[in-house]
Amino acid sequence: MALKQVSSNRCFEGFQKVFEHDSAELKCKMKFGIYLPPKAETGKCPVLYWLSGLTCTEQNFITKAGFQQAAAEHGLIVVAPDTSPRGCNIEGEDESWDFGTGAGFYVDATEEPWKTNYRMYSYIKDELPKLINANFPTDPERMSIFGHSMGGHGALILALKNPGKYKSVSAFAPICNPIQCQWGKKALGGYLGSDVSKWEAYDATQLVKSYAGSPLDILIDQGKDDQFLSAGQLLPDNFIAACTEQKVPVVFRLQQGYDHSYFFIATFINDHIKHHAKYLNA
Amino acid sequence: MSSRSGSKREYETSDQSTGHSASPPVPESSETEAGGLIFYHMDLYGSKERFDIFPEELSGQGERSLGDTRRESALSSEKFQHSQEAGYDLEKEVAELAKMYGLDEDREKELELLGGHLEVAESRWPPARTEKARSRDQSQSTKLQGLPGEASQDEDESKARAEDEAESPIRSGEGLSSSGISDEWNSQAVSEEEESGDVFCSTCKMPIRAFDKLFGEHKDHEVTKLPSAMESEKEEIHKNMCKLEEQIAQMENFASHLEEIFITVEENFGRQEENFEVHYNDAVQALAQKYEEQLEALGEEKRQKLEALYGQLVSCGEHLDTCKRLTDTTQELYLENDKANFMKAAITMVDRLEEFLKKEVDLELSTVPDFKERVIDFSEVEQLMNSINIIPAPCAPVINPQAPSAATGTSLRVCWSLFSDDTVECYQLCYKPVNNERRSDEQAAPSPPIIKSKKIRSCENAALVCWESGDINPVDSYTVELSKLTDEGNGDIITESIVGIPNCEVLIHLQPTQSYHICVRALNVGGSSERSDPAVIHTTGTYFCLNEDTAHPLLAILDDGFTINLLEHTLLSVSHRCIGILGSLIPFPGKHYWEVEVEEDTEYRIGVAFENTPRHGYLGANNSSWCMRHIITPSRHKYEFLHSGMTPDIRITLPPRRIGILLDYENCRLSLFNADIAQHLYTFNSHFQHYVHPCFALETPGMLRIRIGIAVPPWTALP
């Protein structure tokens with residue numbers, strides 16, 4: 001697969017680059033951001049995948065989160081893909097901000113007209129890692145995943161559905177229980193149809209209940225003043241209860257005064273990078 | 001040589017005619033002494049006058065006898081004659097300068113000296129003087145150095161005017177008084193100018209007029225230009241001046257050295273005198289002793305003899321008595337008329353007499369009247385007398401008290417000092433081990449101390465050990481002996497010892513991941529105690545102990561010393577109390593790690609606190625303590641991370657059973673972990689201004705088991 005470099009900026013002695021490629025899974029051109037730490041010049045580095053939330057592109061995280069310094073320090077490659085296929089000209093894709101464009105929900109859609117293109121789950125799980133490992137100095141055995149909001153949901157489900165694939169997982173204000181919240185019902189219904197049992201495969205809370213895989217160490221930060229938390233879109237308590245039940249170790253931090261924005265992400269991103277570095281560099 | 005220090009004024013007046021002032025040492029008479037040799041006056045304590053020599057010499061121009069003086073070969077008398085003829089006005093010049101610069105006498109002399117030598121070389125005086133004055137104005141400090149420079153300057157000038165102007169006049173016989181007689185001299189100087197020559201004849205060694213060279217007696221002689229001749233003469237004189245100065249310096253040094261020697265001689269004398277006295281006294285004492293000894297022996301002998309003789313006398317007396325009795329009895333017998341009685345008595349008598357006569361009569365003297373020959377033994381005294389050396393035996397050195405860390409198990413460093421008066425060839429060090437025998441009139445050595453093993457606190461790099469004294473004997477200091485245990489099991493080889501410890505505790509620096517045996521000894525005047533029972537220290541992690549004094553009364557510490565237990569008790573009816581105990585202070589910088597094992601339903605507070613944290617308060621409720629708190633609500637486990645009464649809102653899904661606590665003084669952090677799954681729970685970021693104690697508290701009945709001596713796990717490294 002040919003990669004085309006879109007931009008490159010030196011940052012903390014490494015490089016923040018953006019590439020574009022033709023995605024087989026999504027059948028369209030996809031961009032992703034990739035940060036290469038200084039260590040990547042001389043050796044292989046572990047990879048940390050970031051999944052962004054609703055309405056984001058590959059740009060938001062790389063410009064707003066301020067993660068490059070910590071990534072450089074710990075020698076981690078950070079990949080930030082887009083949140084959905086673009087330019088597919090599917091009818092209705094731009095109708096709402098929480099469904100369609102910019103709202104892939106990291107699922108493999110089964111419903112028309114989405115099922116051809118909207119395969120973000122497989123893209124993130126298979127195609128993207130393969131692409132990254134083929135083109136960059138990566139250590140294919142060391143991979144971790146984290147994300148924000150819808151991306152947090154994506155990170156959790158990918159980790160829970162693929163035990164052992166990711167060394168660690170963390171999330172900022174994730175949508176923990178989509179089958180129970182408005183966003184989830186809309187998206188999952190739209191992509192997967194009305195059979196709720198099919199939704200469960202993409203619901204972190206549900207997946208944890210039957211998780212029997214390798215030990216995970218999950219870190220979740222949630223702004224206490226997050227409007228979506230109070231709106232019941234995120235439902236972390238359900239997830240925590242399920243994890244407690246299943247004895248899945250989670251440290252969930254409710255951060256006083258913080259909201260849903262990238263300002264909140266920027267505040268705690270270093271803790272998350274350290275959390276991943278502990279496992280990726282072990 | 002005459003000594004005239006302090007009599008300057010006299011000479012001033014008396015020598016006025018010869019132009020002297022303040023130049024005492026050499027009167028005219030001495031100039032005719034010893035074939036004209038003028039002796040350099042060697043005055044040890046006031047050599048100010050020495051520079052007079054030159055001015056004297058120069059100023060004594062009036063007398064041609066100066067020409068006979070032979071101070072330095074270079075300073076030829078003819079020169080002076082010439083210089084006189086040339087009309088140099090040395091004194092006047094110097095006087096003027098002296099006046100100008102307010103110089104003291106010494107400087108005056110110096111100037112004279114140097115001015116003098118310049119003068120000899122110079123041809124132009126008055127202009128030179130003014131130039132000199134000018135340049136002196138400019139740089140007074142370099143005045144002396146300036147002179148040669150100026151001289152050459154002047155010389156150039158003088159060359160220019162050699163033809164036209166006369167050489168500077170020198171006033172013969174001028175004194176150095178700074179009275180204003182310069183005018184008078186000036187006029188005199190001018191009058192003398194006409195006589196000067198302008199070429200120098202090396203053959204005759206005199207300046208001549210150029211005219212004379214061509215047409216006079218000097219026709220065939222070697223001539224050189226007067227200026228250049230002057231130049232060379234000047235140089236020579238300068239050299240000689242320098243030599244003279246050197247000599248002066250040397251003699252001065254020598255003089256002061258001699259002074260010192262005087263003192264040393266006195267000192268040495270004193271010492272020798274003392275020495276002799278001591279020896280003399282010793283000898284006399286020895287003699288006296290001997291005399292007395294012999295006298296006593298003599299007396300004893302006499303007594304013995306007399307006793308013996310007396311004894312003999314007594315026995316003689318007895319014998320006599322007996323004889324007498326017998327005689328009396330016999331005589332009585334003869335008076336007996338009755339024949340039968342007489343016969344009876346006579347026979348008895350005869351028997352008695354016979355018997356008595358059988359006894360031997362010792363008529364020998366038991367003792368001789370002569371006394372033994374006695375001689376006073378002088379050999380010892382002779383020995384003493386012969387041992388008087390030039391060098392007295394040195395006094396005993398004084399051994400310095402033992403410095404701390406001056407000893408190891410097998411070696412000792414001994415330092416001593418000696419009296420500076422002594423001459424020492426070498427030292428002899430003797431030693432013997434001191435044992436602890438108890439002597440009734442001496443202080444007993446102490447008993448070995450007892451190390452408080454349970455109270456040892458250590459970390460990977462250091463240990464704090466304390467002990468108590470073994471008994472009531474006073475102790476001056478303690479010695480700690482350390483031996484590193486390696487695989488060979490050489491626990492007896494002492495690798496380090498620390499001496500001079502005043503208190504019952506010591507902080508020792510150690511290496512990580514080792515094991516050590518440590519023993520303590522107590523020392524006092526009576527000696528050193530036996531080694532205490534050893535304690536073992538492992539530097540694999542941080543060790544502390546629970547401080548029973550800080551335990552809440554309801555808290556029980558179980559036998560191993562590291563398990564605390566709170567039992568059901570009526571007093572616990574009030575919920576959520578903080579019943580706790582502090583561990584000992586962790587006084588070592590760096591990172592420390594320990595673990596606490598808890599039961600799932602134990603409600604606890606675990607953390608650290610400053611020494612001054614309120615004991616009746618709640619851990620974490622104030623700013624002197626930090627802790628993780630676990631309580632159980634009806635719905636779930638609740639965890640709080642408390643400091644100053646505040647906690648973040650954190651949910652933990654898996655209740656930790658083994659909590660790891662990392663105290664990082666260096667990075668100002670206190671971190672808590674679920675040690676079973678290496679899960680980081682929370683980190684307090686706080687700059688600990690003091691060392692802290694670990695603290696443990698129970699809120700409801702339950703048990704906490706504390707584990708120490710664990711190396712800091714790698715997964716705790718928060719990068």
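Glycine residues also receive a Cβ, built from the backbone N, Cα and C atoms like all the rest.
Here's what TrEMBL has on this protein:
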- A:SER149: active site, charge relay system (ACT_SITE)
- A:ASP226: active site, charge relay system (ACT_SITE)
- A:HIS260: active site, charge relay system (ACT_SITE)
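Locations of recorded TrEMBL features on the structure.
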residue: A:SER149; record: active site, charge relay system; Cβ within 10 Å: 25
residue: A:ASP226; record: active site, charge relay system; Cβ within 10 Å: 22
residue: A:HIS260; record: active site, charge relay system; Cβ within 10 Å: 21
Cα-to-Cα gap, A:HIS260 (active site, charge relay system) vs A:SER149 (active site, charge relay system), nearest whole Å: 8
Pairwise Cα distance for A:ASP226 (active site, charge relay system)/A:SER149 (active site, charge relay system) [Å, integer]: 11
Assigned element (helix, strand, coil) containing A:SER149 (active site, charge relay system), judged by DSSP: coil
Three-state secondary structure, which DSSP defines for A:ASP226 (active site, charge relay system): coil
